[in-house]
Amino acid sequence: MNWLKLATASILGVGLIAGLWLIWPVLFPTPVADTQPAMTPERIERGAYLARAGNCIGCHTAKSGPPYAGGRRVPTPFGSLYTTNLTPDDATGLGQWSAADFYRAMHLGRSKNGGFLLPAFPFTSYTRITREDSDALYVFLQSLAPVERVRPPSDMRFPFDTQLARLGWQRLFFKPSTFEPDPKASAAWNRGAYLVEGLGHCSACHTIRGPLGEESQAHAYAGGPIAGMEWDALPLNLNRRMNDVDRREMHALLKAGTSRDNAVSGPMAEVVFNSTQYLDDSDLDAMITYIASLPVTDSPAPRVTTRVDGVRRSELIKQGSVVYANHCADCHGRDGEGQPFTYPALANNPLVLAPSANNAIRIVLDGGFAPSTAAHPRPHGMPPFSHQLSDEEIAAVISYIRGAWGHDASAVAAADIARY
Ligand code: HEC
Ligand code: HEC
Ligand code: HEC
C-alpha cells in the first residue's frame with residue numbers, strides 16, 4: 001500500500017509547509033531597533049501634529065471620555081471591539097511601552113506582548129510611516145498625563161476573537177512596508193502619498209472591503225458602503241481633471257469643512273473636525289496633488305435598493321419638485337445652486353449624484369452639521385425631516401434632487417426610506 005504512505009506523507013508535507021508559512025512571523029520576527037528617542041519639546045510638538053494627521057484621538061477617545069484614554073466602541077462586520085488607552089498609565093495604558101514596542105504596533109500590527117492586532121486599528125496604513133515619525137508620535141503620547149482606564153472586553157465573533165485567526169488574517173492580507181518615495185514624482189506628490197496612504201488612512205473608508213474586512217485593491221479609492229457604518233464614502237479617484245477651482249474647493253472642505261459649494265457630513269465631518277483642519281496648507285495641497293493622481297478603479301456595487309421604473313420615476317420627480325419648493329429651496333436655492341459658504345449646492349453635488357442615494361436619505365432623515373472648525377466656526381445646520389415629511393415625500397424629494405437640473409441618478413422608492 002505504497003500510495004497510502006505517499007498520500008499521507010504529502011498531506012503531512014503540505015500541512016507542515018502551510019503551518020510554517022503561517023507562523024513564520026512568530027519564528028522569525030522582523031527586527032526592530034531598540035532605540036529610545038529623547039523627549040524634546042520639538043519632537044513632542046511634531047508628534048502632536050502627526051497624531052492629528054492620523055486622527056488617533058477620534059478612535060482612542062470614548063464618548064465624553066478623557067482624550068486618548070481609549071474605550072470607544074469600534075463596530076466591524078465581525079463583532080465590535082474597544083480601543084486601547086494610549087496615555088502613559090503603567091497599568092492600563094502605554095506607560096511600560098518602549099519606542100520599539102510602539103513602532104512594532106504601528107509598523108507590524110503587534111501588541112507589546114506579541115499579540116496580533118485587528119485591522120480595525122488601521123496599521124495596514126500606518127505601517128508605511130517612518131521610524132522617526134513613529135518615535136515623535138510615541139514621545140507625544142508619553143508626554144500626556146496618564147489616565148487610568150481599563151479597556152472593556154471585545155465581543156468579536158468566533159474565530160475573529162482568536163490569535164490564530166488574527167495571525168491568519170495578517171499573513172493573508174498584510175505586508176509590513178515603509179513608504180518609499182518615487183524619485184520620478186514631485187516632492188509634493190510624495191509628501192501627499194505619504195500622508196494619504198500612511199497616517200491619513202483615507203483608504204480605510206474610501207476603499208470598500210472584501211468579505212474578510214480586507215481593503216479591495218480592485219476598488220481602491222472608489223468609495224462605497226463603509227464596513228460597520230451606515231454611510232457610503234464618495235470616490236476620491238475621480239478628480240483627475242481637477243482645475244484650480246476644484247483644488248480650492250477640496251482644500252476648503254478639508255480645512256474648513258465647508259467650501260463655496262459643498263460641505264462635509266457624517267464620518268467625514270469627524271475626520272475634518274479631528275484631523276485635516278489642523279494640517280498645514282502645504283500638507284493639504286500635497287494630499288490634493290496625490291489625490292488628483294489616483295487611478296480610476298472599478299466602482300463597487302451600490303447598496304441594494306428597490307428598482308423604480310420610468311413612469312413611477314417621473315411621478316416621484318413631479319411630486320418631489322413640490323416638496324423641494326416648500327421645504328428645501330429656501331436654503332438650497334430654487335435650482336439647487338445653494339448659497340456660497342452657507343448652504344451647499346445640490347446641483348452637480350457628488351453626494352447627491354452618488355450611485356446609491358444612501359447618504360442623501362440619511363442626511364434628509366437625520367439632518368446634519370458640517371464640522372465647526374477654526375476656519376468656519378459656526379456652520380449652518382441641515383434640519384432633520386423624519387418627523388416632518390412622510391416616507392413617500394422623502395422618496396419623492398430625493399428622487400427630484402437626483403433627477404432635476406440635468407441629473408440622471410436613479411430614483412428612490414418609499415419602501416427604501418421605510419427601511420431606515
Ligand atoms: C479607526 C480607528 C483607529 C484609529 C484612527 C487609531 N486606532 Fe489605534 N487602535 C484601534 C483599535 C480598534 C485598537 C485595538 C486593536 C486590537 O485590539 O486588535 C487599536 C490599538 C492601538 C495600539 C495597540 C495597543 C495595545 O495595547 O496593543 C496602539 C499602539 C495604537 N492603537 C495607536 C494608535 C495611534 C498612535 C493612532 C494614530 C496615529 C491610532 N492608534 C489610531 C483603532 C484605531
Ligand atoms: C471614517 C471614514 C472616513 C475616512 C477615514 C476618510 N473619509 Fe473622506 N469621506 C467619508 C464619507 C462618508 C464621505 C461622504 C460624505 C461627505 O461627502 O461629506 C467622505 C467624503 C470625502 C470628500 C468629499 C468628496 C466630495 O466629492 O464631496 C473628500 C475630499 C474626502 N472625503 C477626503 C478624504 C481624505 C483626504 C481622507 C484621509 C485624510 C478621508 N477622506 C478619510 C468618510 C471618510
Ligand atoms: C435651514 C436650511 C436647510 C434646509 C431647509 C434644508 N437644508 Fe439641506 N443642508 C443644509 C446645510 C447647512 C447642509 C450642510 C450640512 C452638512 O454638511 O452636514 C445641508 C446638506 C444637505 C445635503 C448634503 C449635501 C452635501 O454635499 O453634504 C443634502 C442632500 C440636502 N441638504 C438636501 C436637502 C433637502 C432634500 C431638503 C428639503 C427636504 C433640505 N436639504 C433642506 C441646509 C438646509
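Each residue, glycine too, has its Cβ placed from N, Cα and C.
What TrEMBL records for this protein:
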- 42-145: domain 'Cytochrome c' (DOMAIN)
- C56, C59, H60: heme c 1 binding site (BINDING)
- 187-295: domain 'Cytochrome c' (DOMAIN)
- C202, C205, H206: heme c 2 binding site (BINDING)
- 315-405: domain 'Cytochrome c' (DOMAIN)
- C328, C331, H332: heme c 3 binding site (BINDING)
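On the structure: features taken from TrEMBL.
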| residue | record | contacts (Cβ under 8 Å, 6+ apart) |
| --- | --- | --- |
| C56 | heme c 1 binding site | Y68, L86, L137, L141 |
| C59 | heme c 1 binding site | R72, V74, T83, F121 |
| H60 | heme c 1 binding site | Y68, A69, G70, R72, T83, T84, N85, L86 |
| C202 | heme c 2 binding site | V196, Y221, L236 |
| C205 | heme c 2 binding site | I226, M229, A233, P267 |
| H206 | heme c 2 binding site | Y221, A222, G223, A233, L234, P235, L236 |
| C328 | heme c 3 binding site | L346, V397, I401 |
| C331 | heme c 3 binding site | G338, Q339, Y343, H380, M382 |
| H332 | heme c 3 binding site | G338, Y343, P344, A345, L346 |
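The 6 Å Cβ screen around ligand 1 retains C56, C59 from the binding-site residues C56, C59, H206, C331, ordered by sequence position. Computed over the domain 'Cytochrome c' (315-405), the whole-number mean pLDDT of the model equals 97. Residue counts for the domain 'Cytochrome c' (187-295) under DSSP, helix first, then strand, then coil, are 54 helix, 10 strand, 45 coil. Across the domain 'Cytochrome c' (42-145), DSSP classifies residues as 42 helix, 13 strand, 49 coil.
Helix first, then strand, then coil: DSSP counts for the domain 'Cytochrome c' (315-405) stand at 39 helix, 6 strand, 46 coil. With a cut-off of under 6 Å between the Cβ and any atom of ligand 3, the binding-site residues C56, C59, H60, C328, C331 reduce to C328, C331. Checked against ligand 2, the binding-site residues C59, C202, C205, C328, C331, H332 give C202, C205 in sequence order as having a Cβ less than 6 Å away from one of its atoms.
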